[in-house]
Amino acid sequence: MNTLMRRACRRALFPGSFRLPALDPLNGTLMFSSGNACAAPVGCWAPPSGQDTGIKVYNSLTRKKEPLILADPTVATWYSCGPTVYDHAHLGHACSYVRFDTIRRILLKVFGIDIVMAMVVTDIDDKIIKRAKELNISPVALARTYEQDFKQDMTALRVLPPTVYMRVTESIPQIISFIQQIIANGHAYSTSQGNVYFDVQSIGDQYGKFNDSFCDAASESALQDKRHIRDFALWKTSKPEEPYWASPWGKGRPGWHIECSTIASSVFGKHLDIHTGGIDLAFPHHENEIAQCEAYHQSTQWGNYFLHTGHLHLKGNEEKMSKSLKNYVTIKEFLKSFSPDHLRMFCLRSKYKSAVEYSKESMHDAVNTLHLISSFVDDAKAYLKGQLICQPVQETLLWQRLNETKVNVKAAFSDDFDTPRAVDAVLDLIHHGNRQLKAVSKESSSPRSPIVYGAMVSYIEQFLEIMGISLGQNQVPAEERHSAMLFNVVEEMVSFRSKVRNYSLATNESATAIGQEEKQQYKERRRQLLLEREPLLQACDIARQHLAVYGINVKDRGDTSTWELLDRKEET
């Protein structure tokens, strides 16, 4: 549906009530406005009973941050809209799931809140039926293929699986029962054609918690037997050669929205803590989900917190990345050029509810940020091992910076999971750590301070683990991970090269050779040695360049050398 059609449809459904959503200039999130009293933030949402977790979340129901209150502060129920499995998942899907996975990890690992998550797999849908016909296979075979494909993609991205996946086709009896109860409660009706519709007018001002320029009527334009244009299908009569299930209203299949309401209620009952999905699902999908659940449970607040991720779009294109617009990059295509860690850092650099631009520049920033962190960790570990000789360290200052970082990161997480602020706090700590890791040629007589750097490394690695990022061998694709034997070979190679390099530079040897000779004679002797051994020094440089081709980065630190194994995708 194009923009003009959406506007016309919206005016037909809600005359005089709505303005188009604007973009918040501060954070890039959508702002909704409405003349409908119930659609305003005031009066439609009440803080749930329970204990305040100390976390603020942006609740799309109120369009502002609210305290996260849970009946049990150690457990949260979470329903996530899942994939419609008719094709490969793309990068827009990946960003949404990675962002919510980050929030889930923060709740669990920072605040100690266990998550019970259910995710629906829509395995019967108009798109699935259409694609199956094009490929001349059954809708079931198509759906199972792409369901498995989706799960493989999520595993590759290190997205934690939900507590339970629920397929729509395995929940048909529950869906039929759910619809029957809504009819019995006076909020739905069946027609002579075998369709069942939700009666939007029956719930009055309870409808309209989310408002957008999208309209569900166009997708159901062929369904002409409903009472009001705003009514939406709960059950659709089957068409020739389409899959169907027997029901009290005849052969048919469920509507889109009823699937999620039924499955979420079957797992969590009449109360839900957290509901998540992309911003495009807020209206009509989540709007209709709420209407159905509250009509079924006869309640006024079924879900307490609705969180939505912003769209991903390509540079220079304001439209969201989507299959229908054919402007997408599949997850598998992305992983040919970048690692899961790169995507996770890309997502961390923006707020989860903000729109985000995918471009060469934004990915370059993510890659460089990871490399900066990895380099600091390697340097700090080299200092711990005594391989990096530095000037005296201001230990008290670094302890202070580390403690401040811990406070700032937790404060950022408590403030609607503000990952950009948390990453910036860690990068600031690294900046101060790097300022004092300056190599010198001779070791000072002052005592070393390895403990504070050990604590910094431990905290940074813990932070990355919470974010789902794994430096070191897990950042490198499995087929390229070095074995213990290869590790030892490289270690010996770098050690041998370091000895040859020190011999080539002739610093210690020339001083020993000249004994008490005059300063000028010392310089002349060393110059001669450097000229004689220059081919060896060049060979050392060439060896380092050749090792870099295979992802082995050798760092010369005074009279010692260290090495690290890099993900070669960082060079793309």
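Every residue gets a Cβ built from N, Cα and C, even glycine.
Between the stretches 83-93, 303-313, 435-445, 468-478, Swiss-Prot puts its motif ''HIGH' region' entry on 83-93. Checked against Swiss-Prot, the range among 127-130, 383-386, 407-410 recorded as motif ''KIIK' region' is 127-130.
Looking at 25-29, 320-324, 525-529, the range tied to motif ''KMSKS' region' in Swiss-Prot is 320-324. If you take every residue in the motif ''KIIK' region' (127-130) and average the pLDDT, you get 96.
Residue pair Cys260 (Zn(2+) binding site) / Thr122 (L-cysteine binding site) shows a Cα separation of 9 Å. Using Thr122 (L-cysteine binding site) as the reference Cα, a 10 A cut-off selects Cys81 from the binding-site residues Cys81, His285, Glu289. In terms of DSSP helix, strand and coil, the motif ''KIIK' region' (127-130) has 4 helix, 0 strand, 0 coil.
For Cys81 (Zn(2+) binding site), the count of additional Cβ atoms within 10 Å of its Cβ stands at 20 [all protein chains shown].
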